[in-house]
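What Swiss-Prot annotates here:
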BINDING   VAL16, PHE17, HIS21, VAL22, GLY23, HIS24, ASP102  ATP binding site
Amino acid sequence: MEKRERKKIRVLAGGVFDLLHVGHIHFLSQAKSLGDELVVIVAHDETVRMQKRREPVNPAEDRAELLRALKMVDEVYIGSPGTIDYELVRKINPDIVAIGPDQRFSCERLKEELRKHGINSEVIRIPYLYKEDRAKTSKIIQRIVETYCE
């Protein structure tokens, strides 16, 4: 009997990933555990300026290169300026979209928006690594400033 090849489950994760830290690693490893391939979309610098109201510490190209160096990450793209790049998401064709604990939209709302754009993916939220928010880029920047800039 011929062995049928199982379809690989493709997971998509997106984020800023500035000052890569343990919270990012936890998020990406949990996202990877949901499937076989992990594709990451890194936020465009203009998107960071709009959403975070600050300059990214590292440009998108550098953040993408760091992510490409991680064993758990299979592909990396830089998103378009602004909101979700549905054309890119459609091209990636994920089975699952993993969202981080700090991403503001709900799983159901994102699932609806994806469907409106012809993308039939499950949406799963990955929880925080720690109960407190110490593994956040903004908190790390705050600790650096408090410790080294006085």
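Placement of Cβ uses the backbone N, Cα and C atoms for every residue, glycine included.
The shown structure was predicted, so the numbers you read here are calculated from the model rather than taken from an experiment.
Here the features listed in Swiss-Prot are painted onto the structure.
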residue	record	CB count, 10 Å
VAL16	ATP binding site	22
PHE17	ATP binding site	25
HIS21	ATP binding site	16
VAL22	ATP binding site	12
GLY23	ATP binding site	21
HIS24	ATP binding site	25
ASP102	ATP binding site	14
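Across the residues the record lists as binding ATP (VAL16, PHE17, HIS21, VAL22, GLY23, HIS24, ASP102), the two Cα atoms farthest apart are 15 Å from each other.
Secondary structure at VAL16 (ATP binding site), taken from DSSP and collapsed to helix, strand or coil, is coil.
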